[in-house]
Every structure is written in C-alpha cells, then in structure tokens.
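Here's what TrEMBL has on this protein:
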- 692-784: domain 'DYW' (DOMAIN)
- 77-107: repeat 'PPR' (REPEAT)
- 108-142: repeat 'PPR' (REPEAT)
- 209-243: repeat 'PPR' (REPEAT)
- 375-409: repeat 'PPR' (REPEAT)
- 477-511: repeat 'PPR' (REPEAT)
C-alpha cells in the first residue's frame with residue numbers, strides 16, 4: 001500500500017510533505033531549496049503548495065522571504081492571509097500586522113486570534129482585550145485557543161470584570177470542558193483575587209491536569225493559606241517541579257522557613273523531580289532567614305554536585321544566605337571569583353548588612369567601593385550601615401557623593417539620610433535632604449514624610465514638622481500621627497499633642513503602643529495627671545495593649561513630677577512586671593525636685609541593685625543631698641563613686657554653625673575662641689542680672705563660697721554654647737543648642753533672661769525634651 005501511495009503521490013504533495021517534515025525537524029533551510037525546485041517545476045501557481053511554502057518560511061523565521069512570497073502569490077486564500085498575519089503578530093511587528101489584518105478580504109476566528117495572541121505575547125494586554133471585544137461584536141466565535149490567550153491577558157491586568165464576561169462566553173459555547181480553558185479560568189480568577197470562584201471552577205473540572213492543581217496550590221500559598229495548599233498538594237497523584245516550588249516558596253514568603261526547608265528535603269528524598277533555580281533560591285532564602293549556615297552549606301554542596309551551570313538567581317541566593325548566616329567570607333569569595341556577574345538587590349544588601357551587623361563598616365565600604373556600578377539599593381544599604389553604627393557624618397558625605405555621581409536616591413535613601421540628620425539634630429542638612437525629596441518627587445512618600453516630621457522635630461523646628469504633617473493629610477498613617485504626637489510632647493506642647501491624639505481616634509486610626517508612649521509623655525510634660533490615668537486605662541481596656549516598661553515609666557514620671565511621690569511608689573510596687581532603671585530613675589528625679597531624701601535613698605538603692613555602675617543614680621542622690629543642704633552626705637556619695645570607679649557623665653552642649661558642630665563642656669578651655677566666648681558670657685551675665693536674674697547657687701553641688709559658685713554657674717556648657725552662637729550668627733537668628741543631660745534650674749532661668757535681652761529665640765534640646773526660650777519665657781512653662 002505504501003509503495004502504491006508513494007507512486008501515486010503528486011509532485012505538489014511530495015514537496016508539501018518535505019516542507020512539513022522540515023518544520024518538525026526544525027530544518028530552517030529546506031524551504032529555500034524546495035522553493036527553487038517548485039519554480040523549476042512550474043508548480044508555483046498552486047495555492048496548496050504555496051501555502052505550505054509560505055507557512056514554512058514564516059515558522060522558520062524567514063519573514064521577509066515569507067512576505068515576498070505572499071506578495072507574489074497569484075492566488076491567496078484565508079489560510080495565506082492568516083499565515084503571514086500570524087508571522088508578523090508573533091514577532092510584535094504590529095504596524096505591518098494591522099495593515100494585513102485590515103486588507104484581508106475575509107477574516108475568521110484564526111485571523112482575530114492571531115492578533116490577540118500577538119498582543120498578549122508582547123504584553124499589550126489592553127489591546128488584546130479590545131481586539132477580543134471587536135471579534136465578538138463582529139459575530140466571530142472564539143476558539144479554545146482564543147480563550148486561553150484572552151484569559152491570560154485578563155489575568156495579567158487583573159481585569160476581573162472582563163474575565164467574568166469571557167467566562168460567560170466559555171459557558172455559552174460549551175468550551176469549559178477543555179482542560180486548557182479551565183486552567184486559564186483558574187489562573188485568571190486566582191490572579192484577580194477571586195479564590196472562591198477559582199475553587200468553584202476547580203471543583204467543577206472533570207479532568208484536571210498537574211497545572212490545575214498547581215494553580216490552586218499557588219493561590220492558597222500566596223494568600224497565606226498554607227494549610228489548604230498542603231491539603232491540595234497531598235492529594236496530587238503526580239507532582240512536577242512547580243508543585244514543589246509553590247509549597248517551598250509559599251512557606252518561605254510567609255515566614256514559615258523551617259517548613260520550607262522540610263519540604264525541600266522531602267522533595268530530594270521522596271520524588272524524582274530535580275530542584276530548579278526557583279526551588280534552590282527559595283530554600284536558600286529560608287536558610288538565610290533562619291541564619292542556618294550548616295543546612296545552607298549542605299544545599300550548596302548539592303548544587304555543586306548536581307547543577308552544571310549555576311544561575312545568577314541561585315548565586316545571588318547563596319551570597320545572601322552566607323551573608324546572613326555568618327559566612328561572610330564565603331559570600332565574598334563567591335563574589336570575588338566572578339560566580340555571579342550581576343549581583344541583585346538582595347545579595348548586595350545582605351552582604352552590606354552582614355558587615356554592618358558585625359560592626360565592620362570599613363569592610364562594608366571596601367565591598368561597596370568594589371562594585372562597578374552600584375545601584376540605589378547598594379548606596380542606600382551603605383548609608384544605612386553608617387547611620388546604624390553612628391557614623392552620621394560619613395552617611396552625609398556618602399549621600400553627597402550619591403547626588404554627584406550615583407543614581408537618583410529613592411524614598412529609602414532619603415529616609416535613612418533624614419534619620420542621620422535627626423541623630424545629628426542638623427537642621428541645615430535636613431533641609432537639604434528635604435529639597436532633594438522635593439526635586440525627586442519622593443516628598444509624598446509615607447516613609448519620607450514620617451522621617452521629615454521626625455527630623456524637623458529633633459532639630460528643634462516644630463513649626464516645620466507641623467507644616468509637613470499638615471501638607472500630607474491624604475497619606476498619613478499610624479506612624480505619621482504617632483511621630484507628630486511625640487514631637488509635640490517633646491516640645492512641651494502637651495495639649496496640642498492630646499488634641500491630635502483625639503483627632504486620630506475620631507478618624508478611627510488605631511494607635512499602637514508607641515502612640516501611647518507619646519500621649520502619656522505629653523500628659524507628663526504638661527502635668528495632666530487625670531488625663532494620663534484615663535489614657536493609661538483606655539490603652540488597656542479599649543485598644544487591648546499590654547503596658548510595657550515605657551508606659552509604666554511615663555506614669556511614674558507623671559505622678560512624680562506633680563509631687564505625688566507616695567502614689568508613684570505605690571504604682572511601682574503594684575506593677576505586674578519588674579521595674580527597670582528608667583522607672584526607678586524617674587522616681588529618683590522627682591525626689592530631687594521635691595527634696596524628698598528618704599524616698600530618694602530608696603529609689604537610688606533599688607536602681608543600683610539593677611545597675612551597680614549607674615553614675616546617674618549616684619549623681620541624682622548627691623544632688624538631692626545638696627539641694628537639701630546635706631553637703632557632707634553629698635561628699636560621701638561622691639567619694640563612694642570615686643572608690644567604686646564610677647564616673648559621672650560629663651555635661652556637654654553643642655550647636656551647629658556653618659555646617660560644623662561646636663562642642664562645649666563646663667569650664668571649657670579647649671575651644672580656640674575661648675577668651676572671646678568667656679568675655680561674651682561675662683557681659684551677658686552682667687546684663688541679665690540687671691534685668692532681675694538671680695543665680696541659683698544651690699545648683700552648684702559643692703560647699704564653696706558664693707562668688708565661686710556664681711562663676712561656675714556662668715560657665716555651664718549650654719551658656720558657653722549660647723555665647724558662642726550669639727557671637728557667630730546674625731541678629732534675630734534662632735540658636736539651637738543640644739545638651740546631653742537635663743538643663744539645670746539656673747541655666748533654665750538664665751536662658752529665659754538671655755532670650756529677652758538679645759531678642760532671639762533659643763531652642764535647647766536636653767535629654768528629655770525641647771525648651772523654646774523667647775521673650776523671657778519658656779515653652780515648658782517652667783515645668784520640666
């Protein structure tokens with residue numbers, strides 16, 4: 001029979017069969033040879049043979065030859081038009097494809113589907129959907145191939161409404177029984193956030209492929225329903241690598257990293273499926289999160305044994321795993337050996353973070369400098385490393401280099417820089433970062449906005465902090481409100497902070513434990529005992545927030561500052577958690593203000609039980625003795641400190657002039673302009689006394705004569721800083737002073753008089769709050 005059929009085969013059939021076989025064997029050049037024979041044989045007028053040749057040219061990639069042949073064909077049918085149309089559409093040459101489509105004398109479902117497939121493959125999903133709607137309106141019935149492509153476009157756009165309409169067409173045409181169409185429906189509903197409908201489609205499927213199961217597993221895994229994903233996974237009779245990957249990635253992405261490692265181990269042990277780059281990347285990510293170096297090394301060994309060419313994805317995952325798990329040396333070797341040519345964001349950040357975590361900023365910078373073209377994430381990671389390790393000036397210098405030589409900073413970079421400026425309390429630098437945020441359009445980022453509020457507040461510019469907060473009403477989150485409440489509290493604007501907190505509650509924005517630290521602190525600074533107690537109850541009874549030591553410390557401070565020392569002690573004794581250094585320190589500070597020696601001795605004793613080397617406890621108790629005139633006890637405490645090797649924190653103050661920080665200590669003799677500063681301070685001291693200022697010599701904690709006490713008081717660090725600031729800045733300029741300890745009574749009183757004398761605002765940030773001195777008064781209302 002085969003001999004007879006071969007004998008009877010026409011030349012056209014013979015050449016057509018050769019062309020069809022060449023497509024199966026992917027022989028690209030047979031078409032040109034056959035074309036020459038067809039012309040010699042005079043067979044080029046037959047539409048059947050010419051369509052086969054046209055199809056062979058088109059599918060072999062010779063589209064210009066196909067186009068030339070198409071133009072020369074004496075007879076064309078719909079197949080001819082569809083062949084050349086499909087060739088151009090699949091290559092993304094839509095200008096030519098659209099012309100062909102418009103010129104077609106007759107279009108069928110293949111014509112329309114070719115355009116839809118082309119748009120879908122090129123990512124032009126909206127145009128694919130538009131073409132489908134035109135197809136339906138022209139009365140052309142879609143095929144199963146049309147549906148799989150248009151549903152893929154709907155899935156990519158998460159166009160649920162269109163997807164549902166397509167589903168109705170599928171039902172109407174009875175094509176839901178095709179596995180490929182049902183799988184496309186599953187994928188569309190899954191990606192469009194309709195898990196219940198996806199499950200309904202899955203349950204109605206009479207025939208399910210591995211892809212059907214995988215879609216459901218991926219859907220459940222991505223949404224965090226790992227229990228349902230596991231149930232589906234265990235029901236599968238056959239699993240492929242996608243099935244395993246969905247479970248491993250699902251566990252990893254939802255913080256269940258132990259389970260991710262366990263599933264990977266099961267994959268190696270119980271299945272014949274080989275892990276791919278996605279399996280390996282996910283399990284290495286799990287090891288990185290767990291900081292599990294040993295399992296990570298075992299997986300690395302498996303990769304070396306079984307993988308010929310390690311992908312960039314896996315190499316980056318290895319770098320990240322070693323960096324996070326204490327294997328920085330190995331991570332760096334992978335980089336230095338050129339095993340990965342394109343370091344990704346995660347691996348670069350992990351390496352830099354690894355160096356930062358061990359405090360080796362120099363190695364981090366060396367690695368950063370070795371990068372050929374660091375992206376914005378690498379720059380940001382290095383800046384964050386500097387900030388986290390206290391190298392704020394280096395962070396600022398690196399940011400300046402970024403602006404000159406690097407990529408455009410993003411919102412994370414700007415937030416990190418604003419954090420550095422906050423730590424330095426540098427208003428000038430902060431304003432420059434704000435300007436960069438405005439230029440880059442990142443000012444409206446929530447993270448940048450919140451960082452701006454914190455920066456301006458910490459730099460003493462509460463008005464600018466308010467302005468930023470008021471300008472971003474549409475993007476405020478919990479952090480924005482909390483930052484502003486804390487800022488107002490620190491600047492002595494307790495009533496404003498409470499009002500803002502009430503606005504926050506009215507808008508049903510849920511406060512967290514940090515918000516409550518802010519509002520309780522506001523009550524503390526304003527002396528609002530009843531309000532503070534009410535909010536403390538609201539926190540527990542309404543918002544179900546369990547108080548932390550910070551909340552308890554605020555309440556102790558609130559009671560102690562208002563003279564309710566007995567109540568403060570009772571509050572401490574009733575605390576369900578052990579009071580810490582801050583709690584006892586708050587009570588001790590209150591004892592000094594209220595001259596309660598007995599309770600101060602109890603508080604100091606308990607504080608030193610927790611922290612025997614706490615110099616603040618000794619100093620505070622000595623201060624209490626001194627203000628009560630018990631100079632001998634004061635001397636004994638100071639001798640005890642000396643005998644035990646406890647050193648008192650030295651009081652220092654500083655301010656920024658022309659981008660340089662000038663630091664001053666008590667009786668400072670190191671500043672190059674010392675003589676001029678002392679002269680200026682002597683003049684101020686004399687003038688404010690004329691205005692009625694009386695030095696508080698009780699603030700000098702030694703038994704000295706009054707004249708010497710007077711001189712010592714005039715040389716306190718914040719006073720010297722103010723004198724220098726007045727010498728170094730134009731009139732009317734606001735001075736911003738930072739002090740590492742609490743402002744003493746004498747300095748507080750003196751600065752009020754100085755502000756009136758020189759007609760300037762003087763902002764002093766001490767260890768607990770801000771003081772805004774203006775026209776002879778302070779924002780704290782003399783309550784601090």
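Yeah, the Cβs are placed from backbone N, Cα and C, and that goes for glycine too.
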> What average pLDDT is reported by the model for the domain 'DYW' (692-784)?
Replying inline: 88
>> Quick check on the repeat 'PPR' (77-107): DSSP residue counts for helix, strand, coil, in that order please.
In response: 23 helix, 0 strand, 8 coil
> What are the DSSP helix, strand and coil residue counts for the repeat 'PPR' (477-511)?
Replying inline: 26 helix, 0 strand, 9 coil
> Mind checking how the domain 'DYW' (692-784) divides into helix, strand and coil residues in DSSP?
Replying inline: 38 helix, 16 strand, 39 coil
> Quick one: DSSP breakdown of the repeat 'PPR' (209-243) into helix, strand and coil?
Replying inline: 26 helix, 0 strand, 9 coil
> Which residue counts does DSSP yield for the repeat 'PPR' (108-142) in the helix, strand and coil classes, in that order?
Replying inline: 26 helix, 0 strand, 9 coil
